[in-house]
Amino acid sequence: MTQIGSFDLEKKTAVVAVILEKPLENSKKAAEKGADILEIRLDLLGIRTPERAAEVIREIKAETGIPIIVTSRSGAEGGKWDGKEEDRTGLLINLLSLKDGPDAIDIELSAGMKERNRVIKAAKDRETAVIVSSHDFLKTPPLQNMRTIIEEMFLAGADIAKLAVMPLSVGDTLNLLRVTLDFKDAGKSVCTIAMGSQGKHTRVVAPFYGSVLTYASIESNASAAPGQLPVDEVKKIMEMLK
């Protein structure tokens with residue numbers, strides 16, 4: 001069974017609201033709009049210290065009670081972290097030591113193996129869900145390459161493998177959905193996203209092929225990735241398609 005906090009991903013796809021500014025205010029808004037999980041983007045929030053990160057997580061949990069994913073995305077994968085890699089992974093590991101810390105940690109497959117493994121081990125030791133992610137903002141890899149990337153994520157220790165790609169054609173999007181369904185049929189928990197206007201519909205369609213998470217913005221004019229839709233719109237459309 002794959003869970004993030006109390007949310008059982010085997011029963012329902014979670015709508016994840018991405019918090020990239022005004023963390024407490026926007027977390028409350030996300031809760032009001034029906035978000036199932038919050039992703040706290042430490043890099044976009046400009047949070048660099050364990051003390052400030054811990055304070056934000058405690059405040060949000062106290063006010064919303066919603067499960068939290070924490071990540072600090074590297075520049076190579078579309079994030080704003082500009083410090084040392086060991087400081088970035090050290091920040092995540094420090095948060096995992098909190099009594100009421102994050103419910104899931106997201107670490108990139110492209111992170112150095114030593115640092116990535118440290119984060120994953122710390123999460124496993126504390127029974128915290130591990131998301132291993134990969135983001136390609138330029139293209140969609142060939143079908144078999146996408147399968148290989150996801151398999152590598154599970155070999156690295158992922159509970160959930162997250163793959164975000166940039167489709168350049170309808171065929172690219174179909175290939176991503178094909179891969180999603182293949183891993184669903186194999187009993188694996190994946191999150192797949194086709195970014196940009198070509199893949200915008202996958203935000204609400206991929207869950208029907210097996211994507212266990214779909215990421216959404218708080219407002220339509222403030223998204224963390226190309227093609228992200230607002231939380232309330234995602235919830236509404238997914239309900240209509242059930």
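Each Cβ is built from the backbone N, Cα and C atoms, and glycine gets one as well.
As annotated by Swiss-Prot, active site, proton donor/acceptor applies to His135. Among the features that Swiss-Prot reports, active site, schiff-base intermediate with substrate is placed at Lys162, with the record citing sequence analysis. Sequence annotations record features per position, and here Swiss-Prot assigns 3-dehydroquinate binding site to Glu39, Ile40, Arg41, Arg73, Arg203, Gln228.
Projection of Swiss-Prot feature records onto the structure.
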{"residue": "Glu39", "record": "3-dehydroquinate binding site", "contacts (Cβ under 8 Å, 6+ apart)": "Val16, Ala17, Val18, Ile19, Ile68, Ile69, Val70, Thr71, Asp106, Tyr215"}
{"residue": "Ile40", "record": "3-dehydroquinate binding site", "contacts (Cβ under 8 Å, 6+ apart)": "Ile19, Pro23, Val56, Ile57, Ile60, Ile68, Ile69, Val70, Thr71, Pro102"}
{"residue": "Arg73", "record": "3-dehydroquinate binding site", "contacts (Cβ under 8 Å, 6+ apart)": "Arg41, Asp43, Leu44, Gly79, Lys80, Trp81, Glu108"}
{"residue": "Lys162", "record": "active site, schiff-base intermediate with substrate", "contacts (Cβ under 8 Å, 6+ apart)": "Asp106, Ile131, Val132, Ser133, Ser134, Met153, Val190, Cys191, Thr192, Ile193, Leu213"}
{"residue": "Arg203", "record": "3-dehydroquinate binding site", "contacts (Cβ under 8 Å, 6+ apart)": "Ile193, Thr214, Tyr215, Ala216, Gly227, Gln228, Leu229, Val234"}
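Within the set of recorded positions (Arg41, His135), the lowest number of other Cβ atoms found within 10 Å of a Cβ is recorded at His135.
In the three-state DSSP reading, the residue listed as 'active site, schiff-base intermediate with substrate' counts as strand. According to DSSP, Arg41 (3-dehydroquinate binding site) sits within a strand segment. In the structure as shown, the Cβ atom of Gln228 (3-dehydroquinate binding site) sits within 10 Å of 20 other Cβ atoms.
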